[in-house]
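Structure record follows, encoded as structure tokens.
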Amino acid sequence: MPALTRNKKKAATKSITPPTKQLTKSKTPPMKPQTSMLKKGAKSQNKPPLKKQKKEVVEEEPLEDYEVTDDSDEDDEVSDGSDEDDISPAVESEEIDESDDGENGSNQLFSDDEEENDEETLGDDFLEGSGDEDEEGSLDADSDADSDDDDIVAKSDAIDRDLAMQKKDAAAELEDFIKQDDVHDEEPEHDAFRLPTEEELEEEARGPPDLPLLKTRIEEIVRALKNFKAFRPKDTTRKACVEQLKADLGSYYGYNSFLIGTLVEMFPPGELMELIEAFEKQRPTSIRTNTLKTRRRDLADVLLNRGVNLDPLSKWSKVGLVIYDSQVPIGATPEYLAGYYMLQGASSFLPVMALAPRENERIVDVAAAPGGKTTYIAALMKNTGLIYANEMKVPRLKSLTANLHRMGVTNTIVCNYDGRELPKVLGQNTVDRVLLDAPCSGTGIISKDESVKITKTMDEIKKFAHLQKQLLLAAIDMVDANSKTGGYIVYSTCSIMVTENEAVIDYALKKRDVKLVTCGLDFGRKGFTRFREHRFQPSLDKTRRFYPHVHNMDGFFVAKLKKMSNVKQSSEEGDDDAVETVEQAEVSSDDDDEAEAIEETEKPSVPVRQPKERKEKKNKEKLAKSKEDKRGKKDKKSKSENVEEPSKPRKQKKKRREWKNEIAQAREEKRIAMREKAKEEK
């Protein structure tokens, strides 16, 4: 008999079990052991696990005809065994045992007669089939577990192999890269970049400047100068690259040769490009809160409500605000007109912060207009003490007085004097602190005034330096070294030129008894202690420089001096000599020899004493005349002396003239030799 599937076996059991249940209920009373056994048999009605169901479904075969015949035979069997006497406890126990042995959960109940008569009974086939399926299921489960373990091991091995391959590839790539670098260092590629020839430069000069070409050439030259050994153009020197860089920067950005040459000497190529690019951009607008009338937080809230986008300036300032954009004119708001804030660059805060004024002090602002620094000093002093706000130019006095009134400053006296005359007006050794924001070339604020690129020359820089030295000496003379709270001078400029900054401070250190002290600013670069052929005092590293590409503010210089005594190191004659040396410095380098010759000719010589000698001779002549009547012989001798004495200065004059001519000839020969050497070097 072919094997039955699970579903068909269930159908067979359904057709057989109902009559048996009815018989047991109607004819025989329920017994406790039987009911318990039936309950155990009922547990076998649970469905087998899904895994086994799927496997059994796969093994199914179509047996529709067999089902029909089986159902009829089984119905006959049930009808034959419908009597209560035929059903015994032994039979029921056997049926329950058969149901317990099979894990497929069949509920069929068969008698012993049916098992003997039918060779191919449903129970035997079902039980045999169920046992085989259990064994197959357990084997399949074990095989699945083993296969999963094998898959995990295989995957882990594959991952390990991939990692090993990646490490090998990375090591090989690194070795190749190192080899390429070594080859590049040994044999640089000269064909990558070359300087233009004279013919190419002439062709470029004929037409308008080719800005893209200039830009790329500037970038290539800067790249080569950063690492000249590796990126050196073929058959070129570093000097040639620097000269070409100066020319290209001047034509591309619009600088004159003097200014761009000075910047090239001050900064390395990479930083030079950052500085020049920063000069092409505007610095952010900043304002200073007037603490005499309001607080920064309150002012910020009011301006935010008016549509002003702002932030605190920085950690180093407690009163500054940065304005990004505004829906209203920032210089015409009601708060501005009421004096709650001052439009002021961030770099202008620094000199006042370095000065650190205290209450009830006497302070001088030598160049006060338009009043940003003066009003800041008054706010820090809380309108106590006394401030002398001096401005030499009359037109600028209007803006100074207007800002003082608007900001509510009441402790300031406005005066109009030349700063060099202030020690005579205010007196020497009479004030506690002096702020000198000296007039300068403005090379640190090119972003505000682009005319500086082409208007400033070496002669103008030297004139500014001469004026700055005189103003600084006057400022030092006004300060009282014995002041209990002060005795400080702050010197600042909006220039980045060494001639206007470190050179001026070095000059003051030599002429007055002062020393440099720290500015009290936590940021900023140290000043130069050496530049070109100049060597300054080591203490100049206490000065501070500020650049737009580093600190995002205008170029600025700040130095703070402490006066040690009220005694001058040099007399007035020394000051005059100092002025003469400055005037000589204004002479060009080609005329240095001529300047030396002029100095020597202008020096006081022996003929200056001639008037005194003549007076003495006249007195002698008078005495001789008075004695002529008494002594005639002596008169003759006196006459002979008078005749001989005038001959001496004449001989001396001849000697001096010859001496001057010889010196002039020697200097001309030196000039000619130096010019010939310069031509040969070129």
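Each Cβ is built from the backbone N, Cα and C atoms, and glycine gets one as well.
Going through E335, E391, E460 against Swiss-Prot, the one listed in the S-adenosyl-L-methionine site together with A367, A368, A369, P370, G371, G372, K373, D418, D437 turns out to be E391.
Check Swiss-Prot against the ranges 48-55, 480-487, 616-623 and you find motif 'Nuclear localization signal 2' recorded for 616-623. Per Swiss-Prot, the stretch carrying the note motif 'Nuclear localization signal 1' among 38-45, 446-453, 526-533 is 38-45. Each residue contributes its Cα atom, and for G371 (S-adenosyl-L-methionine binding site) and C494 (active site, nucleophile) those atoms are 16 Å apart. Here the C-alpha separation of D418 (S-adenosyl-L-methionine binding site) and C494 (active site, nucleophile) works out to 20 Å. For the motif 'Nuclear localization signal 4' (655-662), the predicted model reports an average pLDDT of 72. Under the three-state DSSP scheme, G371 (S-adenosyl-L-methionine binding site) falls in the coil class. Around A369 (S-adenosyl-L-methionine binding site), the same-chain residues six or more apart in sequence whose CB sits under 8 Å from its CB are E391, K393, R396, L397, S399, L400, listed in sequence order. In the three-state DSSP assignment, the secondary structure recorded for D418 (S-adenosyl-L-methionine binding site) is coil.
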